Structures are given as C-alpha cells and as structure tokens.
Amino acid sequence: MGTVVDAPAVVTEKEVVAENMLGDKKVTVVFVLGGPGSGKGTQCSNIVEHFGFTHLSAGDLLRAEIKSGSENGTMIENMIKEGKIVPSEVTIKLLQQAMIKNENDKFLIDGFPRNEENRAAFENTKISPAFVLFFNCSEEEMERRLLGRNEGRVDDNIETIRKRFKVFVESSLPVIEYYDAKDKVKKIDAAKPIPEVFEDVKAIFAPYAKAT
Ligand SMILES: *[C@@H]1O[C@H](CO)[C@@H](O)[C@H](O)[C@H]1NC(C)=O
Ligand SMILES: *[C@@H]1O[C@H](CO)[C@@H](O)[C@H](O)[C@H]1NC(C)=O
C-alpha cells in the first residue's frame with residue numbers, strides 16, 4: 001500500500017501550546033453573555049453552587065485590579081477615566097491569572113467577550129469555550145426588571161438603561177452570532193421566572209455535574 005508518510009511538520013512554539021491548557025492545567029471555560037437585567041448573575045450563582053464552577057467576572061477583576069493600587073491598576077483606572085477602552089490583552093491577562101491562581105478547572109466567564117475584539121484576542125490564548133451560555137431576554141422585560149430594582153429616578157434611568165441595551169446589541173450580539181455559526185451557543189429563554197430558567201440551565205450543565 002502506497003501510504004504517503006508526510007515529513008514531520010516543523011512544530012512552531014505556538015503550536016506546542018495545547019488546546020485548553022493553562023500552564024499544566026486543562027480548563028473548561030463557559031462564556032456567559034446576556035443583556036443587563038437578563039438574570040445571568042443570579043444563574044451564575046446557581047451554577048457555581050450546583051455544578052462547582054468558579055465564577056469570574058471581567059468587570060470585577062478589572063475593578064479589583066484598580067482597587068489593589070498596582071501599577072497596572074493605575075493604568076487601567078486612567079484609561080477608564082480618559083474614556084479609553086481597556087485593551088483586551090489586559091482583561092485576558094487578569095482572567096488567565098485568576099484561572100491559574102484558582103485550584104478549580106471549571107470557569108464561568110461572565111460578561112466576556114464583550115465585543116469582537118475581545119473575542120479575537122482571547123483566541124490567542126488557545127483556550128476555547130466549551131460553549132457560550134446566552135441569556136436571551138426581550139428589552140421590555142429587562143427594562144421592567146431594571147426599573148423595578150431602583151424606585152424613583154426613573155426618567156434618567158430609562159435613558160441609561162437603553163444606552164446599555166444598545167451597547168450590548170451592537171457589541172455582544174456579533175460575538176453570539178460568531179459562536180452560533182460554530183454551533184457553540186446554548187440559548188436560554190431568560191424572560192421566564194428564575195426557577196424555570198434554572199431548570200433550563202440545569203439541563204445544559206448536567207454533563208458537568210459534580211461527582212458525588
Ligand atoms: C501588568 O500588565 C502587563 C500587560 O498586560 C502584564 O504583562 C503584567 O504581567 C502585569 N503585571 C502584573 C503584576 O499583573
Ligand atoms: C431572542 O429570543 C427572541 C424570542 O424568542 C428571538 O426572536 C430572538 O431572535 C432571540 N435573539 C437572539 C439573539 O437569538
């Protein structure tokens with residue numbers, strides 16, 4: 001049989017980095033996306049409690065870095081003050097450090113990738129998400145929930161809330177579409193009551209159930 005044996009390909013340093021490895025730890029990453037008021041925070045807590053994931057919020061990590069007063073924290077603070085977008089690399093570095101420091105190997109990454117640039121930059125880490133959990137909720141329902149949280153000051157809130165929706169649609173929907181095309185999006189009808197949403201979440205996470 002004339003099997004053609006390919007000459008061994010030259011392995012570049014980049015290719016040596018195996019898929020989903022972080023140092024010597026193999027990690028499972030789930031991206032969690034959803035608009036403001038979609039209830040993803042509540043469900044993240046449920047997933048942490050029932051399925052043993054560690055919850056990482058990109059926003060929280062950035063705020064913690066600023067609060068630490070480190071050189072990087074000061075840089076991040078200044079960028080935000082100047083209205084600049086914090087480079088994806090900075091956020092990704094914080095996510096990687098948090099995953100390395102944590103003993104767990106299953107992570108929910110909440111509110112990231114926020115846009116296509118974040119998404120593309122994360123691909124350089126060679127960690128690809130197991131799937132993307134998308135809490136889909138109508139703007140009417142999210143608005144109702146957000147307004148219900150803080151009574152009074154309704155008028156200026158509506159304006160702010162709608163701006164946040166717009167940013168979400170413009171920045172994050174393309175990310176969801178990208179992963180949808182790869183069949184990696186698990187869409188949740190987040191307009192339902194919290195316990196019903198959690199039933200749907202449970203069905204998705206069943207394969208990741210904690211060993212007892
Ligand atoms: C500061 O940020 C740079 C660039 O993102 C990174 O290489 C470095 O490790 C960070 N330093 C600390 C102490 O986190
Ligand atoms: C969210 O759900 C609505 C109603 O089911 C649907 O029309 C819409 O396409 C969904 N949005 C996305 C981004 O999938």
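Using N, Cα and C of the backbone, Cβ positions are placed for all residues, glycine too.
Of the residues ARG114, ARG119, ARG149, TrEMBL places ARG149 in the same ATP site as GLY37, SER38, GLY39, LYS40, GLY41, THR42, LYS192.
When the binding-site residues GLY39, PRO113 are compared by the number of other CB atoms within 10 angstroms of each CB, GLY39 has the fewest. In this structure, ARG63 (ribonucleoside 5'-phosphate binding site) is part of a helix by DSSP. In sequence order, ILE194 are the residues near THR42 (ATP binding site), counting only same-chain partners six or more apart with C-beta under 8 A.
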